[in-house]
Amino acid sequence: MMCSSLFQYTRVWIPDPEEVWRAAEIIKDYKEGDPILHLKLEDESTLEYPIGQKDNPLPFLRNPDILVGENDLTALSYLHEPAVLHNLRVRFLESNHIYTYCGIVLVAINPYEQLPIYGEEVINAYSGQNMGDMDPHIFAVAEEAYKQMARDEKNQSIIVSGESGAGKTVSAKYAMRYFATVGGSANDTSVEEKVLASNPIMEAIGNAKTTRNDNSSRFGKYIQIGFDRQYHIIGANMRTYLLEKSRVVFQAEDERNYHIFYQLCASASLQEFKDLKLELLLTVCVCVCVCVRARAHARKCILSMHCTGVKDSHQGSIYKIIASILHLGNVEIRSERDGESCRISKDNPSLHHFCRLLGVEQDQMEHWLCHRKLVTTAETYVKSMSHAQATNARNALAKHIYAHLFDWIVQHINKALFTTTKQHSFIGVLDIYGFETFEFNSFEQFCINYANEKLQQQFNSHVFKLEQEEYMKEQIPWTLIDFYDNQPCIDLIEAKLGILDLLDEECKVPKGTDQNWAQKLYDHHSSSNHFQKPRMSNTSFIVVHFADKVEYQCDGFLEKNRDTVYEEQINILKASKFQLVADLFQEAKEGSTTSVTTSKGSKINVRPVKPSPKPPNREHRKTVGHQFRNSLHLLMETLNATTPHYVRCIKPNDDKEAFSFDSRRAVQQLRACGVLETIRISAAGYPSRWTYMDFFNRYRVLMKKKEMASGDKKVICKNLLETLIKDPDKFQFGKTKIFFRAGQVAYLEKLRTDKFRAACIKIQKTVRGWLQRIRYQRIRKAAVTIQRYGRGYLARRYVEYLRLTRAALICQKQLRMVRERRAYLRIHRAVVTIQAFTRGMHTRRLYQEYLQHHKATIIQKSVRGWMERKKFRRARNAAVVIQCAYRRLLAKRQLKQLKIEARSAEHLKKLNVGMENKIVQLQRKMDDQNKENRSLNEQLSTTNASLVAEISKLQKDLDLMRSRQGDSNQLTSLQTELERLQAEVQEAHSEKKRLEEEYRSEKQELEQVRCVYRNECIVPGGLHSHLTPGDLTEVIKSQNFAELDAERQRYQNLVKEFSRLEQRYDNLQEEVSLCVGVCHSAFCQPTFSHLLQEMGLDKAAMDIGVFMKLQKRVRELEQERRRLQTNLEKMEELAKRKVSHHRVPGLLSSSRQELETENKKLKNELNELRKAIAENATKNSNSPSSEVQDSYNVLLSQLKAANEELEARKEEVLILRTQIVSSAQQNVAANHSTQDWGYLNEDGELGLAYQGLKQVARLLEAQLQTQTRQHEDELEALRTQNEMLREDLERKQELISHTLSLSPDAQVEFSIQQELTRLTNENLVKFILRKISLVCLSQDLKELVEKLEKNEKKLKKQLRIYMKKVQELEGKQSPRQPELTRQVTVQRKEKDFEGMLEYNKEDEPLLIKTLITDMKPHNVSATVPCLPAYVLFMCIRHADYINDDQKVHSLLTSTINAIKKVLKVWCSSFFVSFRSILCLIQCSCIQFYGFMTHNTPKQNEHCLKNFDLAEYRQVLSDLSIQIYQQLIKVAEDIMQPMIVSAMLESESIPSLAGVKPMGYRNRSSSMDCDGEGPGGYTLVALIRQLGQFHSTMADHGLDPEIVQQVIRQLFYCINAITLNNLLLRKDVCSWSTGLQLRYNISQLEEWLRGKNLHQTATVGTMEPLIQAAQLLQVKKKTSQDAEEICSLCTALTAQQIVKILNLYTPLNEFEERVTVSFIRNIQGRLQERNDPPTLLVDTKHIFPVLFPYTPSALSLENLHIPASLSLDFLTRV
């Protein structure tokens, strides 16, 4: 990296005390031996840099600009500290990239700002990608670990380390979040949620604020996430290391205790924490709790505990223990006079709350906090403790309780994350403290640095091992690389007689001290290179760690290592009445059962054969240092058994400023975390490595044409390198790569640049010479032409000059005379004008002065009057105020006197005199009123009975009248009725014409209003004033369609969510069936009881409620969509009718069909109304009007009988009509004539019959409206009654207030009088209302009976007429009857087939299996499109014809379930199922008027008559949306591996893309080189796949509209995936990639044009990608360029534009980087945009689908069913 000679313009790095390293450039050649190096700094100042052999060696060389900002530091040509630091600084400050690779290490710099790079779309983008393909990210490391675990079947570990505040916890949290998202549990046990929920709990109990970090982890943890064989999360396990217990009782300045304490204090006001008595602590904690939003964090912690299965009782116990620790810290210990003993006050509230919360005896705890027990061989002593000893004992107890609580919580979390499923592999995430050094370093810092020494040793050995494997894999001669080995430092700490051994030995000494231990350290390790003794201290020592020297103070080492807690205090806690408190310390003490965790995650309980003897003293247990050493060895064994992945977190500054970089702090951490050691190891060998193909593509410009003749690229590369680099040690040829020493790539880049520069100079020279020759010839020719024309022009101009000179003399003479005359006249007029204006001005000025004087006089008069009036009003108001104040004073005195009198006892006695007698009198009066009320009720019942008798009498009279009616006048009345009906028909025609005229006039008025509204509202500001009414209609229609699309989008999202929940339920049902061992049907509909059993009652109720709400909302949205669609179709229909409104062919048949449908609807509504009335009658059977209800039921039964008779008469009419038709046909056949049997209708009998039926329908509708009005009247009566009650209540309140103001005697009398009045009025009102209701009801029933009788009479008359006609025909045709007998029997099948198919109930499974389950695409490709749907609809028509609702329900349910089964099992049948279900929806939807307009009259006759399939239509529509979405998902899954390779990586334009030096990630074994990756996909393959999709959809008859929507969605997927990869990859953001991308997009557009899809919305989905390609190609330098970029990239968000500019990377030195100032200029211009904050495009977005209605020309009666379908069991009807 350093040379013996340096030349001018060479760029170097020199040391700097402030910036660590500073850039400079050599301005004078340097030769070996020169003492001075002449440099020029970046600020243009010069510097003479001294060069020495030892003190100042030659400076480091800088990398070329093309390598600055690389993703991987190992890709740099010169690998050294300044290059690494500069690259990190540039990426962090200029590009805002916080992640950078350094070989196998991911360097993460804390930005101190929330960045939008951790969303779910980013996780999806990194999922499945190779580590070197995307930009550095924590998700890339997690994906690499997950991929290697699945590929190599080996356990993985992610080691996250760094200083406090560097972001270790956040990095570990995001890594676990990635695993939870990518490897979610398959059985929906929410294990991943529990893993993520453990983070808030552990942060609350293990994190605290320090001077370096607001959320510093004060413990280390290693989380093992277990996976099964399908690599789904099945469980997890957590191990913790070295909790900083001393923080519980002591915090340094500007630091805090653990978060859980502040969260608890912030929540002290909550009801559940009232019992903790935390009010005493709020004075200390409340201010800081607000700062960290502790209350919100406390709620989050409680939710996390619920998620991890911590019971509410245990949560309460946990908070009690934490509160008790706070109270224990407030226990005041007072020293006695002798100084050797101490005591605690009896009434100390903190001790009382401590004992109460823990459930222990206060007296015992008070005693043993101040005393201790000494046990000897002979006897036991109780000794008092001094104040300092008691304080230390109290603090030790608090730390001990918190440590055990911490362990219990960790153990409980592990239980919640434990699973019985066998673990196949795991990924461990280690979040451990980094290297620490403070002004005062104690036992905790020693253990932390010891752990980092072990981790650094493991890291160095792993890096060395990877380098060795890489060399051996490429068959490169392996030379031993010397690297730093910190084993001597580790031996100093953990070896025999090391620091920890001496510490444990001193702890065993009865009177061991920190000073004695320090002296032993000096004696044993003074000769060690890693141990030093400070000069000015005898109680501290220095350890030379790999990162830095650290001085440790010995004070407190022994106490912390012993971790002594007196046994008497622990025994008191064991006897706690709270089970959790007792269990904490029982588990800590008992050692009879040991839980061992195996590598597979299962736990084994090991019990010894003999019980272990109870230790005589707690001091004989293991020390903290010994325990930590053992746990650290166990951790290292686990890490060595896994494949490690390293994340080194860097803290950029100590001030926690966002995107601020302190070079000195960064270098310290880079040295401490081993990043520079990785660089050094890489630089010691061959750091730069190229594949032969990449080397050939990059440096083939250095080859000669004859050298490239050979076809073997490897031989060509070898020959070139041997020619260019003479030293063979500078490179090595591997099996697949070329290895270079440091600096050789930069040398090759220089040669390549020089070759390009020479070629450019030669090209420029030639082009410039040619341009100059062309320019000279053009100038010479132009000069000759100009001279010729110039000389002629000069001659002509001289002649013209002579002629003009003579003319000028004449003109001058005349002009001077005119000019003088005009000047004189002008002066004369000016003098006269000035005089006139001056005199007028003087006069006006005098007038203005007079006028102002007059106005001033008026103003003075008004102001003086106003001032006097104002003075008077002020004096009057003051007098009024004084009077009011005085009167108020008198009133207050009087009120005070009255209050004193009212409170006196005598006054109360006067008020209560005679009160008891009055109460008795009131009671008697109330009894009298009750008796009177009963008598009134009896009178009411008598009245009701009389009314019932009267109704029965009326009924008898009605029957008598019916029996007396004769048949004599029927013919006359029938003729009269026919004439009346004909008149009504004429009136109807005239009314129709009148309505059409009104419609036409109203339409004209609406057009005028619309024009006005367009001018005033729709097109403000005249922007669209040029629009015509037709254009305006299109604008309104587009707005309606936009609203419709939005509604449809929301509706389809709900359908998608419902299908996802349904799929989730199916998965759960399959899993349960597999566990139980019972084979259930996978596609049957789950029953409600099954759902309740599986989900639980509460959850099921909640889910069903949510489902009902969603279904209701879906129906409302669908109704709104239908309404809008119907309105649109009506507008179009009205436009059509405007042209052909006089056409009436077929009107009679369509009107009859419409009236029949309307008649059926009215009948159904009438039946529902009857049912409702009957139910109300049964409910009100106990009321006084039950007799009236019974009579009403009798009338309803009679009405029902009359209707049944009416239906029978109608059927007879239809039979007669059929006979008439058949007779007419026979007559025609006998006479061989062409006459039509329609002569029967010459007199209009059929029309009259139709009018009669229409009249009946109108009567039924009138009856329904009457009943509706009755219900509305009853509802209005109830509302009126409610208002009366409300007014009565208000009146009573006023009476009460009035009563209270009266005297006691007057109150009693007044209340009695009011009560009597109320009872009388209520009884009277009830009686009147009941009587009125009965009378009204009887009248309504009479009217209803009369109407029904009239209808019955009319139908009987019409029936008699038809009977007479039939008899006349039979009489006429009786002689010819024998001749027609043979012809009657001849019937054509075409007339009998009505487009229906009949099947047996037991054949339904076979029908479904044939048409749906076993249907193959090739079976229906050659038949009628949508044949299965037509067959199913014909079967449904037959079930509707026979009125079999169970058959319809069964067939539709089986069809839906079968389609769902096909969707789940067989994906290749998507197109058939999709098209069939659409056709089925269309066939079932023709009942609507909007669809009937597209059908033929024969197709309209095929509508269902008895059933309304609206609900099934909704289910089928939802199923269609689900099929569409699944179709899109399958197509996207097929295309997704091809998109990135085809659009960004393949070279559609050969030799265009350049190649840059690769880093370790692109050349390491992390990539699966053996498998066929996506690199083989090209744009041709992608277009071919799109063509296959399009041809398949076209072959299966999909509608063109649906094909367009599918292609649009696929193009959106291409745009989203390509753009997301472009935004996450620095290597593809270049000018050549932009050109390549634009070419690929043009090829896709060409394919759209070939498929005639270029005019659809599909092209618009590619607009963001087109603009991104243009952004890569445009100039990015000046302010004008910035303005053009902002106007060009309208489809890209501001974040995307800035991200692309930050990622833009020049591939050659001739390209320029985008400057930071230019990017800031772009950001400033884009601030006005309201873009969404997301960076990436949502790849899961699906456009709302619109299913078009395509009218079918197919006739069901002519449908042919192929024999290949084996549907012989179906019978045509």
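Keep in mind that glycine also has a Cβ here, set from the backbone N, Cα and C atoms.
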TrEMBL annotation (coiled coil) - matching range among 452-482, 1041-1071, 1382-1412, 1723-1753: 1041-1071
Range annotated as region 'Actin-binding' in TrEMBL, from 126-148, 632-654, 1207-1229, 1483-1505: 632-654
Which range of 8-46, 359-397, 1334-1372, 1568-1606 is coiled coil, per TrEMBL: 1334-1372
Folded-back contacts onto the region 'Actin-binding' (632-654), same chain, C-beta under 8 angstroms, at least six residues removed: 88, 92, 102, 104-112, 138, 141, 144-145, 148, 152, 154-163, 165-168, 171, 175, 212, 222, 239, 241, 428, 430, 434, 450-451, 454, 458-459, 462, 599, 660-662, 665-666, 669-670, 673-675
Cβ neighbours of Gly165 (ATP binding site) where a neighbour is any other Cβ within 10 Å: 21
DSSP-derived helix, strand and coil totals, residue by residue, for the region 'Actin-binding' (632-654): 9 helix, 8 strand, 6 coil
The domain 'Myosin N-terminal SH3-like' (7-59), counted residue by residue under DSSP: helix, strand, coil: 0 helix, 25 strand, 28 coil
Chain-mates of Gly162, Glu163, Ser164, Gly165, Ala166, Gly167, Lys168, Thr169 with C-beta within 8 Å of site centroid, ATP: Asn110, Asn213, Ser216, Gly434, Cys649, Lys651
In the chain carrying Thr169 (ATP binding site), residues 6 or more apart in sequence that have Cβ under 8 angstroms from it: Glu203, Asn207, Asn215, Ser217, Asp431
Residues near Ala166 (ATP binding site) in space but at least six apart in sequence (CB under 8 A): Ala108, Asn110, Gly434, Cys649, Ile650, Lys651, Gln669
Gly162 (ATP binding site) CB neighbourhood, other CB atoms within 10 A: 26
Least buried by Cβ count (within 10 Å) of the binding-site residues Ser164, Gly167: Ser164
